[in-house]
C-alpha cells in the first residue's frame, strides 16, 4: 500500500540522540531482550483477532497466526513493548506476519520511561523513519547509531503491504542499562563539599543527563568569595550557563558571560549535557549540539568556596530556603571532574550533604500528563462532549505549546443559541471573544514565550452578554486551526480520557497524534548562516538577515561585490566600498578604499600607524617594536591578496648611523614580520630569501660594498625605501628596529597602506574543445548550502557545465537546449530540477551569466537578467547533499553531453576555482578564452556588456547609465525651473509574506548631482499603494533619504550628512537597500553612522518631501540609475515614447565629466577616515510583485499631484490582473 491515512499522522519531528557520546561503547551489549518477556509486556492499539495478539509479535514466532495485526479500522496502529526495566537498546529487527501477505514497509520508533511520554528516535538528522520488510518471512535489522536508554518502546507502522495488511514480528537487542540516578522534588539539593576551604581549577568537566518536569531550575552552582561563580540552570526550557572567573573587587567592570543552548528541554524526556572548560575557553553541549564561548575577563581560573550544589542553591543558615528556583526532575550519571556525585550520595559519603528529600530512583510526576499533537494548521481538531452551560457556567483548563502566532485553541456554543465562545491566538496574543456578543472585559494576554507549556484556565459564568461586537469588518470566524501540543485537558474539573478518544469511544478528532508532543526546535542547529537570527513556525524556520551583510532564505549570499574591480564594472567611481572577497564564504565583508584610475583599480587597506615615526635608543636586546592593525582581519586580507593579481606595500626607511644588518656576520639588526608572523629580513624593492635592499638589485647603493644604503653606517641621512610585493608575505604586520642607540644614530620609517589591483578570478577562464574533455576538482563541499555562479559562452546546443555525484545524491548544471539552462539535484528525496528558458538563444557566442543555489529552504536559478526561478524545499525529509566523486567542470562522469565553449569566473560557495591552472594540466582544455570579450582589460565600462562580433566587439550599454562606444560617456541633463522627467516601467520583484524573510525587496540607486538651490527633489519612486522612496535636499542642503515601505507604519528618514551639499560641487550618491538594511555612500565625503527620525503624523512627515517636490530641482543630474533603469538616457533616446513624460526645458550637459577629476586619487594616497554607513529599516512590507506602468503619477498624497509634478519620479501601480489602458 503506497499511501494510508495513518501514514502522515506520524510524520512529525524527529531527533538524533547523543545520549552517551559514543556509538555502542559496550561491544557485548547486543543480546535479544524479548524472549524472556511475559505476555503482559506486549500491548497494542488494537488487535485484528484473538490469534493475532500483541504477544504473538516475537521474531520468528509461528504460533497462532504468526504475528500481530491491528484492526483494519485502527486509524493510528502501534505495537508497544515493556522491557520491565531500563535497558540500553542497540539494535531492532522486524518481520512480517508468518505465512501471510501482511508486513510493514516503513515505521517509526518511539521510546520512553513511562509508556505515556514518548520521544521519536531518528537514525540521522534528516530522517526519522525506518525501512521495513518486503515479504512476510525476511528479517530486516537496524543497528542504532546511538543506543537508546528506555524501558518502553513503541513501533508505529507508517506504510505496509500493497496486497495485504499490517503484520509485525519484532526483536530488540541490547543489555541492562546501568546508571546512578537522583530524584529532586523541587525543594531538595545535593552539596558536594571540598576537602579544603576553596578550590581553584583551570580545567573543569561536568557531565550529566536530566529529565525535567519544570521549565526552570538550577542544575549546578558554585561560587567563591572573590566573585567567581559557575551556574548551570534551566531557564524557560533552555539550558543556560553563567560564568565569571574574575575578582569582582579588582575588576568590577569585567563582563560576566552567559551562553544559552537548547529549547523545549522541559519535555519530561532525558537530555545529555556536557560542560568543558579549559582556562577561558568553554564548550557547552546539549544533545550533541555544541556552543563555544570565551570569557572576557582577566583571570583564567575558577575559584569556588566550600562546595558545589546540585539541584538548587541553599541559603546558608536558612534550612529549606533556596536562592533560586530548584530543579524538579531526575539527574543521572552526574560527574564533576571525574567524581561520580550521585554514587557518593548513595553510599552516604561525608563529602555529600543532602538538603531536603533526595531519592535514588526516578519517579514520574502525578498525574501523568499525556500529550496530543495537532498536526495540521488547516484541519486538525479535537471535539469533546460538553454539558450545556448551567447555573455554574463553564470551567476549561488545559496546557498548550506551539510555535505559531495564529491558531484556534477553543470554541464552544453558548446557551444563547447562535453565540459561540472562541479562544484563539492572534499575533502571539490570546484573544477571548464571543461571536454574537462581546465579553465585558475582552481578554488580551501577551504570550512572550508561547512555545512554553502555557497553563490556561477559563471560567465562564452564566448570564453571558449578547450582541455582535462593533468592530471593523463585523464578526469573523477564525480560519487558522491550532497547530501544536495540548495536554491535561479538563472540562468542568473532569480530566478528558484521550486514550478513549483515540479508540473512538469519546468525542471525535481529525489529524491528531496521540501520546506524543511532536513540537520540534527547528532553530537547533541554527541553519541561518553568517549570524542570521532564526525564528520558526511549526513547519519551518525563517532567517532574519538584517544587519549581517548577507541575504537569501538562509543568509547565505553576500550583498557586496567581491572586489573593487567588480565595483568599477558596476559603474562606481573612487570611494569607500564594502567588498566580500569570499562571497558566501565564512568571512565578513570589509570596508576598503577603491581608487579607480584610468588604467587600474586599486584596493587600499589602511592600518593604525601610517605616519612617519622617528626611532632612537633601540638595541637588539631592547629593540623598538611596532605592531600594525589593519582595518580588515588577516584572514580577510589573505583572501583579498589571493584574489588580486598584484599587491604592494611601500616601506619608507631613512637612517643615520643605523644599520639594517651587522656588517661583520650579516646578522639582521632590524626586520619585519609577515602576515603569518614569520621573520623577514629583505627590504622594500628586494626579493625574498636575500638580505638586501632595492639599491643592491638596482646597483646604485652609495657604497657598493654593502647591500643596503643604511649598512654604510654614514653620518648622513640615507634611505632604503622600496615596495614589498611578494604576495605570500603581505601585509607587513610588525617592524622591529634595533640599531639606533649609538651617538647620532636614528631611523625614520613609514609603512604605507596595502595596495592591490586586479581580480584574478573575474576573467579566469578555460576553453573546452571537442573530445569529451573536462576539468576535475575535489568534491563540492555543499551539504547544507550550495551556490554556483559562472559565465559561459558557446555555439553548441547542449552541454554539461558542472556535475558532482554521490552514492545516490548528485548536483548538475547544464545547457539542455539552445535557450534553456537546467539545475538538477537530489538530496535523497528524489530529483529536483529547475529550468530557465531564455527568449533569445544562449548559444550565440556571447557571455551569459548563470547562478544556481540550493539550501534547506529553497532552490533557485538565475540566467542573465531573466526573472529568478525558485522552488520551495520540503520541510521534512533528507536535506544533506552527500557528494563523493570528483567535481566535473565542462563534462560529466559518463562523458555524455560534454560542454563545448568557454567558462569563466566559476565560484562555488564563495570559493573561486582556478580554471586556468587546471586547464594547463588537462588535455582538450586550454586556459583562457579567445575573443575580444575575454580579458581583464574590461573594454566595456559601467555595467556595459561586451558583445563579440566577427571582426571585433561592441559594447551594449542598455543597462548602463552611460553612453558611448565603451559605455564611458556621462549622460547628464541640466534642469531648469518647472522641468522634470517621469518614467513609467514594468519590473518584477520578489513576493511578500507574513514573515520578513519570505521575500525581501531591494533597490539600487545611483546618481550624481550639482546644485546651489534648496530644497530640492533629486529622485522619487512611488507605487500605487502609497509606498515611496525619495531622495531630497532639505532646506539646509542636507541629504535626506525617505522610505515609506508600509502604509500602516510611519515613514523613516535618514540623514547621512547634516552639512549642505548644495555647494555647486558635483556629488555622487549611491543607495543600496537589501530588506531591512540600508547602505549609503556619498563619494568624497566620509559619512557618520546614519541617524533616523520619525515624524509624529503622516501630514507632517510628508510636508518636507512635498516642499522639495514643489520646488523641483534646478541644477545638473548625471548618470541616474534605479536598479536596471536609466531614466535620463531613456528620456533622451525615447523622447517620443508614451512611457516617458518630460516637462519643461531639459538640456543635455557634461557636468558628469567633473566626476573623474574630483573623485580620482593617486595610488600612493593615504586615506585615514573610514566610517560604516549602515542602518536598519523598521518597515518591511515594501515588497513588489509586478509593477505595471501607469500614466498618471501616483504620488505621496492624492491631493498633491500638482505639487509633485516637478520632480524626477518613477510612478507605478501594483498589477491586479485586470486589463488597463496605459
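Every residue gets a Cβ built from N, Cα and C, even glycine.
The following features are taken from TrEMBL:
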- 45-56: compositional bias 'Low complexity' (COMPBIAS)
- 902-929: disulfide bond (DISULFID)
- 181-362: domain 'Laminin G' (DOMAIN)
- 519-556: domain 'EGF-like' (DOMAIN)
- 555-614: domain 'Fibrinogen C-terminal' (DOMAIN)
- 764-929: domain 'Laminin G' (DOMAIN)
- 930-968: domain 'EGF-like' (DOMAIN)
- 972-1151: domain 'Laminin G' (DOMAIN)
- 45-73: region 'Disordered' (REGION)
- 1-25: signal peptide (SIGNAL)
Secondary structure content of the domain 'EGF-like' (519-556), with strand meaning DSSP E or B: 0 helix, 10 strand, 28 coil
Distal contacts, the region 'Disordered' (45-73) - CB-CB under 8 A, six or more residues away: 32, 34-35, 39, 79-80, 93, 95-100, 102, 136, 139, 165-171, 502-503
In the chain carrying residue 929 (disulfide bond), residues 6 or more apart in sequence that have Cβ under 8 angstroms from it: 765, 766, 767, 793, 902, 904
Cβ neighbour count within 10 Å of residue 902 (disulfide bond): 24
The region 'Disordered' (45-73) - residue tally per DSSP class, helix then strand then coil: 3 helix, 2 strand, 24 coil
